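Asker: Annotated S-adenosyl-L-methionine binding site per TrEMBL: 236, 286, 336, in sequence order. Positions annotated as domain 'Methyltransferase' by TrEMBL: 257-321. Here TrEMBL flags 364 as active site, nucleophile.
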């Protein structure tokens with residue numbers, strides 16, 4: 001049941017998985033064409049699609065490709081409230097259980113090993129797991145990040161409830177001892193982090209990640225560059241797949257030596273830095289402060305001097321950046337937002353900047369909020385909404401299989417005007 005929930009295509013041969021994904025992306029482009037037609041834009045000229053759709057680009061690695069896994073702590077099928085795994089069931093059905101992920105094919109063995117050790121530790125702890133915040137308990141989720149350089153980072157979330165600083169210090173010392181001298185030493189952690197959190201999700205700014213052991217960062221190599229990764233920094237979950245994706249993005253940008261690349265939602269700067277040698281300048285924007293610190297370190301370490309990075313919400317930073325844009329160099333935008341898509345103010349800033357004639361939208365969920373963004377990019381000008389720039393048109397779609405065994409795909413949609 002867990003494999004079917006987390007990796008629903010796992011039983012299919014890989015070529016069949018790619019065909020399933022191609023069909024789902026085709027339906028998304030059909031939907032976009034229909035929605036554009038409702039706006040009075042004739043986009044049905046290409047077999048019902050809004051633009052040509054290329055075959056799904058396969059992932060170089062099919063099994064154990066994830067470099068980041070998030071494990072929950074909850075009751076298992078056997079009733080053990082300290083099971084570390086992934087959820088099966090629904091809240092509505094009141095049948096949620098936490099199942100060990102030992103057999104799930106997209107999770108590497110190192111992640112499973114760390115999860116097993118964490119379960120062993122909390123099972124011997126006198127403190128309860130935190131299943132519902134208001135019912136007490138402490139031990140919560142585990143995030144494991146690994147790199148092709150052999151680095152492993154573990155981040156443990158803990159609800160402090162009413163514990164004092166002395167009791168918290170004791171738990172942190174026990175955790176460190178377990179993973180450095182005890183049974184958990186087998187994991188050979190590069191970094192062990194601890195975060196006190198009273199919320200489902202907590203940023204570093206809301207509650208700092210506390211380094212209990214090892215180095216503050218882990219490192220990854222991508223397209224000949226070295227990247228530093230902080231606990232909460234975004235990095236594509238499939239490193240080998242990301243290399244293929246970024247090379248294609250570089251080709252689609254059609255950048256020249258005088259191009260300025262605008263990298264929106266840039267994370268640790270992977271896209272911008274990997275394309276910096278092709279362009280005159282890279283401008284990156286990212287909301288996670290620690291990711292921007294990583295991006296700046298990555299640029300300096302790799303000897304890349306034509307990049308500047310801005311920390312803050314894209315909807316606050318970008319309009320200011322583009323409002324007074326008078327640089328005569330061609331400007332190409334690459335956007336890689338979360339599933340929530342881009343804020344309308346970001347779309348408006350892009351539309352109203354005449355220098356941007358080429359835009360690459362990378363979406364992990366094109367049927368979701370990204371669809372709203374696609375329509376906002378292509379709709380007729382609307383002075384009432386301060387949308388005065390000429391509309392974009394979708395001209396090419398390329399799906400990349402960054403998530404084998406799942407139904408998800410990374411869609412790159414090229415817009416021009």
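Placement of Cβ uses the backbone N, Cα and C atoms for every residue, glycine included.
Curation does not apply to TrEMBL; its annotations are automatic.
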Asker: So if I draw a 10 Å sphere around the Cβ of residue 236 (S-adenosyl-L-methionine binding site), how many other Cβ atoms end up inside it?
Answerer: 24
Asker: Quick check: with 236, 286, 336 left out, which same-chain residues have Cβ atoms within 8 Å of the centroid of the S-adenosyl-L-methionine site Cβ atoms?
Answerer: 234, 235, 265, 266, 267, 268, 270, 271, 362
Asker: Which whole-number value in Å describes the distance between the Cα atoms of residue 364 (active site, nucleophile) and residue 336 (S-adenosyl-L-methionine binding site)?
Answerer: 9
Asker: What is the number of residues in the domain 'Methyltransferase' (257-321) that are helix, strand and coil, as DSSP sees it?
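Answerer: Result for the domain 'Methyltransferase' (257-321), in helix, strand, coil order: 30 helix, 16 strand, 19 coil.
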Asker: What same-chain residues, at least 6 away in sequence, bring their CB to under 8 Å of the CB of residue 336 (S-adenosyl-L-methionine binding site)?
Answerer: 263, 264, 265, 266, 267, 271, 362
Asker: Cβ neighbours within 10 Å, counted over all protein chains: which one of the recorded positions 286, 364 has the most?
Answerer: 286
Asker: Mean pLDDT over the domain 'Methyltransferase' (257-321): what is the value?
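Answerer: The predicted confidence over the domain 'Methyltransferase' (257-321), as a mean pLDDT, is 94.
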